[in-house]
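Copied over from Swiss-Prot:
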type     : residues                      : note
ACT_SITE : 209                           : active site
BINDING  : 40-69, 103-104, 108, 134, 284 : NAD(+) binding site
MOD_RES  : 60                            : N6-succinyllysine
MOD_RES  : 76                            : N6-succinyllysine
MOD_RES  : 76                            : N6-acetyllysine
MOD_RES  : 141                           : N6-succinyllysine
MOD_RES  : 145                           : N6-acetyllysine
MOD_RES  : 149                           : N6-acetyllysine
MOD_RES  : 238                           : N6-succinyllysine
MOD_RES  : 242                           : N6-acetyllysine
MOD_RES  : 242                           : N6-succinyllysine
MOD_RES  : 297                           : N6-succinyllysine
MOD_RES  : 321                           : N6-succinyllysine
MOD_RES  : 321                           : N6-acetyllysine
TRANSIT  : 1-36                          : transit peptide
């Protein structure tokens, strides 16, 4: 690892690790020494669009893996690479004392941890359990309580950056949990991400992720609307995107993940909206934001509208397409 843990912005209390930060020589040696000394097997549960490349980056850093996925075919390439595949989350917990889970929903996470063959059936005392799923903060807190009863440590560490960042190892991790355990989590998360941010107690990582994804959905819908309007007004989409990205309307949805086919290469819109982050998952995350807003009495007018739009998309056949397919949805649905 090319960076050490630092305390930045003392006034704000923000604590994070980034590859862009250069450590003092002594701390670099300490991090490298700890990393080499502790490359014992790591459990990884959930090998979907995000989990697959995340697990591969752990392999690249020399960590042996204990693998489980509910779909056996997802494990095959890891098994072919010499990694150990087991038949349940409980079996992962029996063989590894550091486990990362990357699952689609709160229900999946509850089953993986507390189910009949869940992690908690065989978890060892002192184990570190890191959940990188995006789930309800309240569920994270309940799982943490159950894990603590077993003498283990639970941290929520959802991610941002999408499949591209997962492949390149440049994810951002938002981490909630006991601060004293952050360094141990960072050792693993730093293999998969370029920014690892400590957010506070268990559940705060999920809170940060929910806020981020709500804003992402709103900005994607806004980008899709602006691009659609400009095209219908006679503008070339590539030219319009270029103008937006050198102007005040620039955002990640316009300059990195543009939703219009033909504007960018290497994004889902260039591949009939296949891969990436599904509209179903975005609708799920917006539902989490809606629930959190209701419980905290926080107005989210645009967030609520975004939730309605993505729910409509899923009902009209877009559920398996990337969330940027909202551009296609708006192009085809003219009666709002």
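Glycine is no exception: its Cβ is also placed from the backbone N, Cα and C atoms.
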Q: Could you find out if DSSP has residue 65 (NAD(+) binding site) as helix, strand or coil?
A: strand
Q: List the Cα distance (Å, whole number) between residue 45 (NAD(+) binding site) and residue 76 (N6-succinyllysine).
A: 14
(Q) Please report the Cα separation of residue 65 (NAD(+) binding site) and residue 76 (N6-succinyllysine) in Å, rounded to an integer. (A) 13
**Q.** Cβ neighbour count within 10 Å of residue 321 (N6-succinyllysine)
**A.** 23
Q) Cα-Cα separation of the residue listed as 'active site' and residue 103 (NAD(+) binding site), in Å? A) 15
Q: Starting from the Cβ of residue 141 (N6-succinyllysine), draw a 10 Å sphere and report how many other Cβ atoms land inside it.
A: 16
**Q.** Pairwise CA distance, residue 238 (N6-succinyllysine) versus residue 50 (NAD(+) binding site), rounded so that it is a whole Å
**A.** 29
Q. Taking the Cβ of residue 50 (NAD(+) binding site) as centre, how many other Cβ atoms lie within 10 Å?
A. 26
Q. Between the recorded positions 60, 76, 209, whose Cβ has more other Cβ atoms within 10 Å than any of the rest?
A. 209
Q. Residue 76 (N6-succinyllysine): which of the recorded positions 40, 60, 145, 297 is the nearest Cα neighbour?
A. 60
Q.
If you count other C-beta atoms within 10 angstroms, which of the binding-site residues 45, 55, 65, 103 is the most crowded?
A. 45
Q. Among the modified residues 149, 242, 297, whose Cβ has the fewest other Cβ atoms within 10 Å?
A. 297
**Q.** Euclidean distance between Cα atoms of residue 321 (N6-succinyllysine) and residue 60 (NAD(+) binding site), Å
**A.** 30
Q) Relative to the Cα of residue 297 (N6-succinyllysine), which of the recorded positions 40, 55, 103, 141, 321 has the closest Cα? A) 141
